[in-house]
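Here's the structure, in structure tokens; my notes come after.
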């Protein structure tokens with residue numbers, strides 16, 4: 001608090017400021033000449049004027065004088081203040097250092113606002129990552145910090161909505177990107193009326209059951225097919241409707257994500273994203289993609305046309321590059337070609353630079369690794385643009401059609 005400014009505001013008309021102290025006019029007293037010597041209010045009326053929003057007189061942190069609160073600052077610290085003594089900056093004092101906010105922040109009405117790199121109720125903890133990295137981790141797919149629905153502390157978002165039961169609140173997600181309120185026809189946090197009762201809420205977006213459509217699954221869909229017939233038509237030769245990459249409606253597939261021409265086919269069976277590496281290069285720049293499979297140019301081979309058939313290094317040089325840290329060639333699960341490991345095709349789940357990764361460790365959803373919406377990279381799902389979640393099961397892009 002700026003004591004001079006406060007005094008100037010209070011003693012206007014009731015005294016003069018002399019060297020930082022108020023000299024009160026006759027009939028007034030107090031540090032800022034805010035209290036009249038004589039009061040024409042009844043005690044009941046005075047106390048009524050001193051009650052805070054919870055009907056507590058001077059917040060139990062002061063006494064009432066003629067309708068005005070005199071805060072308890074007997075030690076002269078001035079840490080208790082406010083119209084109703086509602087601000088107590090003693091709450092900001094660190095018990096160990098006895099400093100306000102541990103010396104790493106500022107106190108406003110009993111709450112610490114920490115400097116960058118510090119957090120905690122008293123700014124007592126220092127982040128182990130840089131402010132830039134913290135901001136990067138908290139940035140949601142739409143470029144906002146915690147989706148403008150939470151607070152970023154050391155790279156982790158605390159969403160503004162927290163369910164008191166300890167379960168997910170209406171707002172959740174690593175960057176508070178999911179808002180379940182968007183799935184309710186009429187918002188009531190204690191109601192389970194998600195998606196009008198005709199669908200499942202997935203990160204604030206309704207996935208409607210067969211026979212229903214609309215943003216909240218509120219519209220019935222006229223279809224002459226039964227649910228079983230519809231799904232059967234959408235399956236084709238796949239085990240899942242629309243190959244797990246689309247939505248089945250009345251026997252027809254709408255492929256996800258909407259508008260992405262790389263996912264196509266009657267049952268969304270073609271996924272040309274599978275021809276891309278993590279940098280988005282198609283077939284290593286040495287082939288073309290056909291329904292999710294690379295057709296390599298002459299002189300190249302491999303799942304992504306990443307291996308040249310000719311090699312300009314000796315067998316010894318090649319093997320030296322294929323040895324893992326334990327000295328085993330391609331971890332014993334592949335062969336070496338021109339300094340690169342080619343993992344065993346019989347064990348489809350083996351991957352990695354030295355065939356040291358097991359893609360079965362990647363999370364599944366609907367029976368598909370990474371839900372078919374990302375690449376399994378050494379046991380972790382690397383999701384394609386627009387997808388999120390441990391198994392890339394959450395679509396964050398534009399609404400489904």
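Cβ atoms here come from the backbone N, Cα and C positions, even for glycine.
Unlike curated records, TrEMBL annotations are generated automatically.
The domain 'EGF-like' annotation in TrEMBL covers 49-86 (among others).
Note on the domain 'EGF-like' (91-124): its mean pLDDT in the predicted model is 85. The domain 'EGF-like' annotation in TrEMBL covers 91-124 (among others).
Marked as domain 'EGF-like' by TrEMBL: 137-177 (among others).
Feature annotation from TrEMBL assigns domain 'EGF-like' to 182-218 (among others).
Taken from TrEMBL, the feature domain 'EGF-like' covers 274-306 (among others). Note on the domain 'EGF-like' (274-306): residues 265, 340, 342, 375, 377, 382 of its chain, located 6 or more positions outside it, place their CB under 8 angstroms from a CB of the stretch.
With DSSP states grouped into helix (H, G, I), strand (E, B) and coil, the domain 'EGF-like' (274-306) comes out at 5 helix, 12 strand, 16 coil. DSSP labels the residues of the domain 'EGF-like' (49-86) in these numbers: 4 helix, 12 strand, 22 coil.
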